[in-house]
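**Q** Starting off with a structure, shown below.
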Amino acid sequence: MDLSDVSIETDQIREWRSIVTLIVFFLANIVVLFPFHIPVYIPVRLWHAVLDSLSTLRVIPPREKDSHHGRRDGGASQFVRKRFPMNSVTAPLIADLFLLAILAIGRDEVKAGTLGDNGIFPLDIMVFFITLAYIAISIDASGLIRYLALKVLQWGGKVGHRLFFYLYAFFFGLGTFIGNDPIILSGTAFLAYMTRVSNNIKHPRAWIFTQFSIANIASAILVSSNPTNLVLAGAFNVKFIEYTANMVVPVVVTAIVLFPFLLYIVFANEGLIPVSIKMRELPAEAKLKPAVNPNIPNARGTADEDEETHTNDDQGQLLSLVEIMNPFLDKGGAAFGAIIMSVTLITVLAINAASVKTKNDEHFQVFWVTLPAAFVMLYHL
């Protein structure tokens, strides 16, 4: 059907399924914003039968024989109470299944909503973003971000405003290329540790909120840094290089204007961003210890438990200081990940700028580039 024959006049919406679809869409968004749980009562025998089956298939650990199979006292309940989550995962799925059941949507809508239509390709966008995010997080797992943050900390020294600017510029520059998620994942922990081992930073909110702000602003430059960018570029058929060319100036200007506003107005407090930061020094014996990979479970032994137990005393601050001043760095993994990320982004930008099409003159799926790159990264690890 020709799209020019389709009316967009809202007063012609009389089909009840269209109205129900709008209501369901609204309710699903409400549930996503305000998740809750629904109590569900399952027969005990059925519940144990399911768990036994999962245990037999080695999906879950083996179960103790004397703790199930319906053995219960006469007054015990015959049902087990579970809580079914209604959240960002279950609500949209249930909404889609309901719309399918009442025939408000059909096979064509499901296909278009998955494979894509009218310039928007959801499957392409999600696989592209997930695979590129995996490469970025792999770089983070190598310890590169924490190591670079340590170097910035050393360059900034103990001058509070200068260190605030260096970290601000560091997160902006890094967020431009690898997106906001790896920055927030690793940078938040780094800033939390840094403010804990300082004697005169009373609260970390100035540093952490600034990181959130600048990382999200920086992710607007490249299409690959944020799913929203991908949707907009695809919907309006904007080439990636054109998108970046039009976004780089407003993003940079915003970052320049935002910095003094945050430093001298929003967080103008000596307890948040001191003029001079008093940092604890790392003992000599701690500097000689080999760095521990935080991505390996229990690699630090009881250090994690000790850190939680001694949060506010000298021992807890020493453990936090070690996390900052003696970070783990896999040089080979960091270099390999940086190369893979650079080659992937350059290839995607080049293919998109050249408007490459398939043999059938179809849209070139960008995840055809990022998915193999993610598998190469996985194989290397």
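Backbone N, Cα and C atoms are what each Cβ position is placed from, and that goes for glycine too.
TrEMBL labels come from automatic prediction, so no person has curated them.
From TrEMBL, here are the annotated features:
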| type | residues | note |
| --- | --- | --- |
| TRANSMEM | 20-42 | transmembrane segment |
| TRANSMEM | 84-105 | transmembrane segment |
| DOMAIN | 120-354 | domain 'Citrate transporter-like' |
| TRANSMEM | 125-145 | transmembrane segment |
| TRANSMEM | 165-194 | transmembrane segment |
| TRANSMEM | 206-223 | transmembrane segment |
| TRANSMEM | 243-267 | transmembrane segment |
| TRANSMEM | 333-351 | transmembrane segment |
| TRANSMEM | 363-380 | transmembrane segment |
**Q** Counting only CB pairs under 8 A, let me know which of 125-145, 243-267, 333-351, 363-380 has the most with the transmembrane segment (206-223).
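**A** The stretch with the most close Cβ contacts to the transmembrane segment (206-223) is 243-267.
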**Q** Check the domain 'Citrate transporter-like' (120-354) for me and report the mean pLDDT.
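**A** The average pLDDT of the model in the domain 'Citrate transporter-like' (120-354) works out to 81.
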